[in-house]
Each structure stands twice: as C-alpha cells, then as structure tokens.
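Per TrEMBL, these features apply:
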DOMAIN    65-319  domain 'Aminotransferase class V'
BINDING   Ala85, Arg86, Asn190, Ser213, Gly214, His215  pyridoxal 5'-phosphate binding site
MOD_RES   Lys216  N6-(pyridoxal phosphate)lysine
Amino acid sequence: MKCAVDIEARDVEEMYINIDPIQAGGRLTAEAMKAAISFGDGYSVCDNCRNPPRLDYIRNPPIAQFHADLAAWLNMDAVRVVPGARRGFQAVASTLVEKGDPVILTGLAHYTEFMAVEAAGGIPREIPKDERNHITADAAAEKIEAVIREFSRTPPLLFVDHVDYQFGNVHDIAGIIKVAHQYDVPVLVNGAYTVGIMPIDGKALGADFVVGSGHKSMAAPAPSGLLATTNEHAERVFRTTQAKGDVTGRTFGMKEVEMMGCTLMGVTVVGMMASFPHVKERVQRWETEVAHSQAVTDALLSIEGTKVLSDYPRKHTLTRIDTRESFDKVAERHKKRGFFLASEVKKRGITGVIPGSTKVWKYNTFGLTEKQIRHVGESFIGAARDNGLNIL
Ligand SMILES: *Cc1c(COP(=O)(O)O)cnc(C)c1O
C-alpha cells in the first residue's frame with residue numbers, strides 16, 4: 001500500500017511488536033488516529049478561533065479546557081502546548097538565561113537541553129552522575145557551589161531529567177529541587193520519559209517547570225509536547241508581546257512571545273487531546289508496566305553473560321542492557337555478524353532492536369500486553385538458545 005507514488009504506507013505497529021526506546025510511548029491511540037485524519041488540514045483548529053485570538057482560548061474543539069485539564073493533571077498552575085519537549089526547554093531558557101549565564105544540567109542530560117542553553121547564550125555546566133548512574137541532591141549542591149565560585153553568581157536555571165534517556169533510571173527529583181531552591185535556582189523537570197507514562201505531581205516534586213513530550217510519551221502526533229509552570233513563573237515565561245510597528249503602529253495584543261503567538265494548530269493538539277483520556281488512565285497502571293519491564297529484563301538476564309546497566313530491579317520501562325558477553329559473542333562468528341540479533345527477533349515478530357547492535361543497547365516495553373511481554377522474553381531466549389548460548 002502506498003500513501004503517494006514514492007511513499008510506502010508505514011505498517012511497523014501493525015506488523016510487529018515494537019520495543020524501540022523512543023517510539024513506545026508515542027504510539028497513537030485509535031482516537032488520535034481519527035483526530036489525525038479529521039484535523040489533518042493545516043490550520044484546522046482555527047475554525048472557531050475568536051477573541052482573544054489565541055490557541056489556548058479555543059473552545060471548539062475544547063482546547064481551552066484541555067489546557068486547564070493538563071495543568072490540574074500535573075498539579076501545576078499553567079500549561080501551554082509546545083512543538084516538542086525541546087521547544088519547552090527553549091521557551092524557558094530564552095526567558096531566564098542571559099548571554100554568558102551558567103546553566104546547570106546533568107551528565108545524563110538530553111542533547112536538546114544543551115541546544116536550548118546554547119540558543120539562549122548560556123554556558124552549560126553538568127552535574128556528574130555517580131557510580132550508580134544517578135544524579136543525586138548532594139552532587140547537585142556541589143555543582144551549584146562550584147558554579148557560584150566560577151561565575152560569582154547563581155545559575156538562573158537548572159535542568160534535570162526525571163527519567164534519563166541513557167539508563168531509564170528514576171532520579172531523586174524532589175531532593176535535587178529542594179537543594180536547588182536553597183540557592184534560589186529554579187528547576188526545569190524534563191519529563192520526556194515520564195509525563196504520560198507514570199503519575200506526576202509537579203507541586204509534590206517542587207518543580208518550577210515540568211516539560212513533557214507528546215510524541216515520546218503522550219500517544220500524540222509529532223511535534224507535540226507541553227510546558228507546565230507555577231503562577232510565579234507563568235507571568236514571565238508566558239509574557240505577552242509588547243512589540244509595535246513603527247510605520248503601521250500595529251500591536252499584537254495577547255500573543256505570547258515565547259509561544260510565537262500560537263503553537264500546535266491542527267493534528268498535533270487534537271491528537272494529544274484525543275489520546276488524553278487514555279493517557280490519564282494508563283499512568284494509573286504504571287506498576288503493571290514496571291512489572292512487564294522486569295519480566296523482559298529477567299528473560300534477558302537468564303541468558304548467560306548478559307548484564308543490565310539500568311537500575312535493578314527495574315523502575316521504568318526503558319532499559320539499557322549489556323550483551324557483550326552473550327549476543328556479541330555470537331555476532332563474532334555469525335555470518336550476519338551483529339545483524340543476527342535484530343534479524344532473529346524480527347523473524348519472531350519483534351522490531352525496535354537497532355540492526356547491528358549486540359553490545360550495549362536499549363529497549364522499551366511500554367504499552368505491551370501481558371502476552372506480548374511473554375513473547376518478547378521468550379523470543380530473546382529463543383534467539384540465544386538457537387545460537388548456542390546457555391540459558392541459566
Ligand atoms: C526524547 C527526549 C527529548 C526530546 O523530546 P522532544 O519532544 O522530541 O523534543 C528530551 N529529553 C529527553 C530525556 C528525551 O528522551
């Protein structure tokens with residue numbers, strides 16, 4: 001089947017169980033797919049845009065209500081939808097960071113946080129991870145002290161990843177924020193792997209900003225995401241335009257500068273909205289998701305030589321595994337070399353293992369059924385057994 005002459009229809013999710021680390025939480029619901037078809041036209045949500053002419057005031061479809069619902073759900077005061085988590089980082093950095101300011105992030109920070117800091121003219125300084133691959137409150141305090149010594153001022157912003165993309169470890173966000181606030185440093189919690197995946201209470205964490213990714217973790221089309229904040233910061237980050245044309249004298253009313261006026265104008269916002277009831281419900285089943293992650297991890301660990309590099313027992317569905325002493329030994333002698341593993345599991349109906357990787361790699365079991373989880377575990381064991389590895 002084709003979408004157009006040279007564009008094949010994508011059928012990955014129909015044909016395979018997909019354990020790709022970045023794709024698991026962004027798979028659309030049936031409702032979001034319907035929304036994508038219905039609201040596919042460019043500025044489709046603008047049919048009923050009235051006064052003030054801004055996305056978050058539109059009542060049909062109920063975008064205004066969606067904003068209020070998102071804020072309540074995250075226990076934050078104000079929310080805007082943004083084109084990806086990265087645009088949330090950018091809006092905050094662009095507001096709080098001046099050229100030459102130090103900005104703290106971590107040794108596990110996502111590259112998009114560095115981009116946001118760079119775009120604002122900030123100077124990145126990383127909190128190192130400890131030997132357990134965690135960012136601790138103590139390390140955060142030490143880094144803040146070091147930055148104050150180096151720059152003779154406190155950093156205007158600290159980024160921390162609730163769950164990091166490298167290990168899928170859950171970090172002590174409340175502890176880190178508590179320390180940062182002792183120095184009056186506002187904290188942006190990067191929830192790209194948590195908002196829409198597990199329950200989050202922004203106020204309980206003490207977060208100044210919570211950023212989520214629609215296409216990574218909220219079953220929404222790309223590019224989508226959200227930026228949530230407190231009343232204290234909303235005024236600055238969501239400030240309205242002061243610009244005035246010198247020839248025409250035009251002003252632009254309620255348009256918010258960091259949002260470039262409006263953000264998600266069609267399929268993205270309506271897709272997020274259509275999936276939201278399902279997303280709210282699924283975060284309540286987080287314990288089951290973690291148990292599933294544990295089951296697949298244990299299946300892999302039953303293959304002799306395999307090690308898990310993430311926290312164990314697992315506390316998230318994203319896991320980093322080390323198969324240098326198991327699958328990589330097979331790769332050394334296999335005629336398909338490193339490609340054998342992806343090929344072995346594909347044959348069993350599983351995709352998302354990067355072709356060629358048999359050393360250190362990641363998988364994400366989020367959203368799979370009990371039966372699919374069992375099949376994934378058995379498939380890895382089958383691939384190992386068929387290639388002469390011992391099962392413990
Ligand atoms: C995927 C990811 C991002 C980027 O999210 P976008 O919504 O694509 O901008 C940021 N941080 C982390 C930790 C991620 O895993």
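Every residue, even glycine, has its Cβ placed from backbone N, Cα and C.
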Pairwise Cα distance for Ala85 (pyridoxal 5'-phosphate binding site)/the residue listed as 'N6-(pyridoxal phosphate)lysine' [Å, integer]: 9
Same-chain residues at least 6 apart in sequence whose Cβ lies under 8 Å from Arg86 (pyridoxal 5'-phosphate binding site): Thr112, Met115, Ala116, Gly225
Three-state secondary structure, Gly214 (pyridoxal 5'-phosphate binding site) (per DSSP): helix
Additional residues surrounding pyridoxal 5'-phosphate, by Cβ distance to the Ala85, Arg86, Asn190, Ser213, Gly214, His215 centre under 8 Å: Gly84, Gly88, Ala192, Val211, Gly212, Lys216, Ser217, Pro223, Ser224, Gly225
Secondary-structure category, per DSSP, in which Ala85 (pyridoxal 5'-phosphate binding site) falls: helix
Recorded positions near ligand 1 among Ala85, Gly214, Lys216 (Cβ under 6 Å): Ala85, Lys216
Cα separation, Lys216 (N6-(pyridoxal phosphate)lysine) to Asn190 (pyridoxal 5'-phosphate binding site) (Å, whole number): 12
